[in-house]
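Listed in TrEMBL:
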BINDING   42-47, 169-175, 194-198, 263-266, ALA319  GTP binding site
BINDING   SER46, THR175  Mg(2+) binding site
COMPBIAS  1-11  compositional bias 'Basic residues'
REGION    1-25  region 'Disordered'
Amino acid sequence: MGKLLSKKKKKESSNSNKIDEKMKKEEQEKQFAKLLLLGAGESGKSTVVKQMKIIHKEGFNENERKEVVEQMFVNTHLCMTNIIKAMEKLGIDFETEKNRDLAVELINAHPKEFLDFYEKIKTLWKDGGIQDAYSRRNEFQLFDAAEFYFTNIDRFVEEEFTPNDEDILNTRVRTTGIIETKFEYEGIKFSLFDVGGQRNERKKWIHCFSGVTVVIFCASLSEYDQSLFEDSTKNRMTEALMLFEEICNSRWFTDTSICLFLNKADLFRKKIKTVDLNVCFKDYEGGCDFDNASEYLQEKFLSLNRNPDKDVTVHFTCATDTENMQQAFDSVKDAILRRNVKDVGMI
């Protein structure tokens with residue numbers, strides 16, 4: 001009988017400890033401003049997370065920098081093979097038979113053999129056929145940083161090479177699942193959640209919705225003439241608009257502030273000079289002008305918000321520009337302060 005009572009007391013004590021731990025964890029979580037980073041795939045969300053680490057934490061240590069090198073090799077190899085494969089679909093040939101043979105060898109190579117074949121990538125990048133295909137990169141899937149990889153390849157293969165912040169910011173690693181980053185800025189503790197943007201990853205977002213202070217929604221300005229990675233029949237810009245409308249008007253975010261980062265403004269500024277926005281929006285009549293086109297897109301997004309009292313701010317961003325991202329994040333901090341003032345009934 002005594003043993004049974006002893007076991008019962010131990011179980012009750014264990015349950016009590018679990019409850020105490022849970023309450024303690026919940027109390028700690030309340031001290032953090034919860035930021036949810038959303039947006040379609042390839043919109044630059046993960047680059048925003050890297051910037052927060054650079055700006056508000058200790059940055060990247062030596063080991064983290066070294067770990068990026070292999071992914072840089074993978075990305076560089078993948079970009080060139082994607083261009084090569086696209087050439088056949090686009091009806092573009094190589095300048096020489098030798099370059100065509102190099103392309104075959106490169107496609108059959110493994111990224112781990114990068115140091116053995118990087119010279120072939122350098123040679124192919126100078127090929128006229130490759131350059132023609134690259135100029136039509138909106139017609140196939142290619143990382144934005146492809147040219148960055150190709151023009152910096154000699155530096156990547158140096159014996160003592162250590163990636164700098166720019167290298168890390170331009171290294172694409174697809175986000176799967178949920179990644180949490182905690183940091184502190186001007187006395188405010190932040191917990192930033194980054195989730196996968198591809199369609200098959202979005203079902204995981206539901207677990208992040210509870211208690212969100214601010215949603216940071218990333219949309220790529222420059223992808224108005226490109227298709228989705230996961231569905232080549234869908235335009236990336238129209239997908240971003242559809243997703244923003246869903247998030248902005250979701251019952252989960254009724255009282256949540258939204259900071260809209262219209263990202264890749266630098267790429268958009270270059271592209272709009274030669275590719276009119278009316279390839280995506282037939283009613284656009286502003287021509288190949290950055291100011292007209294950016295204002296049109298800003299209004300396009302804002303018009304999807306059905307709640308006139310909702311706190312929505314817009315920022316034109318370049319996620320690889322650290323100074324620009326610092327300024328944009330200040331607006332996130334301001335949104336939190338406005339939320340706090342509203343919560344105590346001052347507005």
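Keep in mind that glycine also has a Cβ here, set from the backbone N, Cα and C atoms.
Shown on the structure are the features that TrEMBL records.
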residue: GLU42; record: GTP binding site; CB count, 10 Å: 24
residue: LYS45; record: GTP binding site; CB count, 10 Å: 24
residue: SER46; record: Mg(2+) binding site; CB count, 10 Å: 22
residue: LEU169; record: GTP binding site; CB count, 10 Å: 22
residue: ARG172; record: GTP binding site; CB count, 10 Å: 18
residue: THR175; record: GTP binding site; CB count, 10 Å: 17
residue: ASN263; record: GTP binding site; CB count, 10 Å: 31
residue: ASP266; record: GTP binding site; CB count, 10 Å: 18
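Following the DSSP three-state reduction, the secondary structure of LEU169 (GTP binding site) is helix. SER46 (Mg(2+) binding site) and ARG172 (GTP binding site) are 8 Å apart (CA-CA, integer value). THR175 (GTP binding site) sits 7 Å from SER46 (Mg(2+) binding site), taking the C-alpha atoms as the reference points. Cα of LEU169 (GTP binding site) to Cα of SER46 (Mg(2+) binding site): a distance of 9 Å.
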